[in-house]
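**Student:** So TrEMBL lists these for the protein:
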TRANSMEM  B:21-41  transmembrane segment
TRANSMEM  B:61-83  transmembrane segment
TRANSMEM  B:104-130  transmembrane segment
TRANSMEM  B:150-172  transmembrane segment
TRANSMEM  B:179-196  transmembrane segment
TRANSMEM  B:230-251  transmembrane segment
């Protein structure tokens, strides 16, 4: 269990993490979602005691990180940056971490096997691909067989097979009763793995909810209608008190109504329909709506003027 | 978390990168080879020296002449041991594994300093005996007064140079910045300050000038240095202590990146 209480990090004037309070519970995968620069990595570094919070508190199973005996046996983490000496072999990288926490040499061989790096264990890390580096980071996280696991953008750089592997791994770790906390900036990725969702934007908590509830609340359902007699269709819908919105490709979209009802309505008025389909807005759209106010770097589509104060935030990690 | 675990971990780290071997080998080879060369040249020049210069002829100190260059490799060793953690991002994994930063730094410095000590002592003795062999008739003997102290002192001097570099690197974090300050400082600035009359009195309190006093057996006539061999090494040790404490304080206070 990871408990954050009013966790805040300020770099000078800039607030990177702003009073975060939430709890990451065991037995499920908790997704930590936010656009780039939202403060996810900073939060994770504070959980590990690497960055000092400006205010607030974070505890691992009730204890401050720097009070943990052999912390790798309690919480294992994969951080975003590769963080491996390029001249050191995967084996020695893991061995020095294992030794610092009094773990047996045998554990190094076991985790190398788990992540599938046994064949290249003695090779220097500088020859590793992004995906292999990511696997080495995951091996380091698993080293102490910890009850809590934290992954920062774990699917970055992995091929489809690797992505499938890490998803299965996270789910099985949670199924074993462990706490799994995983960050991503991709809603679609979270939808496939996470049971619970913590969403932040510009360092602030935007949502702390179960995945099912988030989908329920945030996904817009609508009916898409297409037909040759568009004007009459609009009239009929209007008379029935239904607001239809014209979408770009000449079809109509109706929020909230049942497709069955619209179909019956059209039949009663002898209107030909070419399409009548119930739709759900993607979770990606829901996520973008939620964080729209807090995205740090907007792509100004269709706007010719350059963004104001561009480059002000370049220092932010 | 026992400190012995962390010491073992740091030993694994230091022995599993190539830079350890090549920086230390370079320190050994340069110190000994340059010392032998200058010793051989000094033997040939002895005949041409005046009476005053012969009085200050110090065969022991001459055989350590290679250290002026060899210490640069020691500096690189000390800097890389610490700053590699930062330049590679390994520091985050290291401090996540060992969150007590004092334990982390102390273990790292202990392992690296112990290794530097063994290599430096062996280098100092080798440089002395091989240098004396080159000096032929003008050589000093290890049994002469003050010679053994100078040879052991040479080993301590190189060890302290390495530890000083580790402390500076712990403060500055960047390997380029650390080397960019330490290399010209020890190779140029300290020498200039020590040889210009106006700054000589300040220059001799710099770590390398004060520390290298312990390798001198013969005090040149008219020398007015206000400290002896061990006093000089003590001054150097204070510099080292300041650098290490500075590195520790900054490591504790800063975010790990």
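One is the number of the first residue shown, and numbering goes on along the chain from there.
Each Cβ is built from the backbone N, Cα and C atoms, and glycine gets one as well.
TrEMBL: automatically predicted annotations, no manual curation.
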**Student:** If contact means at least 3 Cβ pairs within less than 8 Å, sequence distance 6 or more, would you call the transmembrane segment (B:179-196) and the transmembrane segment (B:104-130) in contact?
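**Tutor:** Contact criterion not met.
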**Student:** Six or more residues out from either end of the transmembrane segment (B:21-41), which same-chain residues have a Cβ under 8 Å from its Cβ atoms?
**Tutor:** 59, 62-74, 76-77, 80, 115-116, 119-120, 122-123, 126-127, 130-135, 158
**Student:** Hey, which bits of the same chain come close to the transmembrane segment (B:61-83), Cβ under 8 Å, at least six residues off its ends?
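**Tutor:** Same-chain contacts beyond the ends: 14, 19-20, 23-24, 26-28, 30-39, 42, 108, 112, 116, 120, 123-124, 127-128, 130-132, 134-135, 150, 154, 157-158, 161-166, 168-170, 172-175, 178-179, 182-183, 186-187, 208, 212, 215-218, 247.
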